[in-house]
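Trainee: Below is the structure I would like to discuss, written out as structure tokens.
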Amino acid sequence: MCAARLAAAAAQSVYAFSARPLAGGEPVSLGSLRGKVLLIENVASLUGTTVRDYTQMNELQRRLGPRGLVVLGFPCNQFGHQENAKNEEILNSLKYVRPGGGFEPNFMLFEKCEVNGAGAHTLFAFLREALPAPSDDATALMTDPKLITWSPVCRNDVAWNFEKFLVGPDGVPLRRYSRRFQTIDIEPDIEALLSQGPSCA
């Protein structure tokens, strides 16, 4: 069994986990988001799709946040070292470099974490177990073995920056999307969940 899976195995929903905000302060319990639809992405500020995905994350949060969507971003440096800034440097990198132009995320960003390997954040260990492969590309894998910097390697590992996990209002992961699936194209799935109304979970 891959490391961190044991810690996540007993969890039934994302509400069992917490993460520290990028700006610092006390950890945020995902249980505080009960009843919301969550879109969770591992992000990086120096990736080829940073501009596209960050701006689309902002757009979804702007349009659907008032109806119950919460977008959560987790910076990760495990893929091509494309999030090599310190936590306190990431917001300035986004504002002045990429996407640049004064960009500010309107969604929740958390401290850098690992999503694969022995040091994986328990939330991502849980998400990977719940949804072992992206629904749009079940064979998605890290394409260059030289870039694998973690151990152990598992079949359900996140393959690159900007993989997405959609979580229902009961905290149960519903769908995983590959890096190639544009963030904005998840909107119909989010809309379907929002139209179901609040959960009593």
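Every residue, even glycine, has its Cβ placed from backbone N, Cα and C.
Because the structure is a prediction, the values reported are computed rather than measured.
Sharing the feature lines straight out of Swiss-Prot:
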type     : residues : note
MOD_RES  : Ser32    : phosphoserine
SITE     : Unk47    : site 'Subject to oxidation and hydroselenide loss to dehydroalanine'
ACT_SITE : Unk47    : active site
MOD_RES  : Lys86    : N6-acetyllysine
MOD_RES  : Lys86    : N6-succinyllysine
MOD_RES  : Lys112   : N6-succinyllysine
MOD_RES  : Lys112   : N6-acetyllysine
MOD_RES  : Lys146   : N6-acetyllysine
MOD_RES  : Lys146   : N6-succinyllysine
MOD_RES  : Ser195   : phosphoserine
MOD_RES  : Ser199   : phosphoserine
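I'm curious about the neighbourhood of these features; can you describe it?
Mentor: Secondary structure at Ser32 (phosphoserine), taken from DSSP and collapsed to helix, strand or coil, is helix.
Other Cβ atoms within 10 Å of the Cβ of Unk47 (site 'Subject to oxidation and hydroselenide loss to dehydroalanine'), summed over all protein chains shown, number 20.
Under the DSSP three-state reduction, Unk47 (site 'Subject to oxidation and hydroselenide loss to dehydroalanine') is assigned to coil, being neither helix nor strand.
When secondary structure is read from DSSP and collapsed to three states, Lys86 (N6-acetyllysine) falls in the coil class. Around Lys86 (N6-acetyllysine), no same-chain residue six or more apart in sequence has its CB under 8 Å from its CB.
DSSP classifies Lys112 (N6-succinyllysine) as coil under the three-state reduction.
On its own chain, Lys146 (N6-acetyllysine) has no residue at least 6 apart in sequence with a Cβ closer than 8 Å to its own Cβ.
DSSP assigns Lys146 (N6-acetyllysine) to a helical segment in the three-state reduction.
The Cβ of Ser195 (phosphoserine) has 8 neighbouring Cβ atoms from other residues within 10 Å, across all protein chains displayed. Annotation note: Ser195 (phosphoserine) sits in a coil segment as assigned by DSSP.
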Trainee: About how far apart, in whole Å, are the alpha carbons (Cα) of Ser195 (phosphoserine) and Lys112 (N6-succinyllysine)?
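Mentor: Cα to Cα, Ser195 (phosphoserine) and Lys112 (N6-succinyllysine) are separated by 33 Å.
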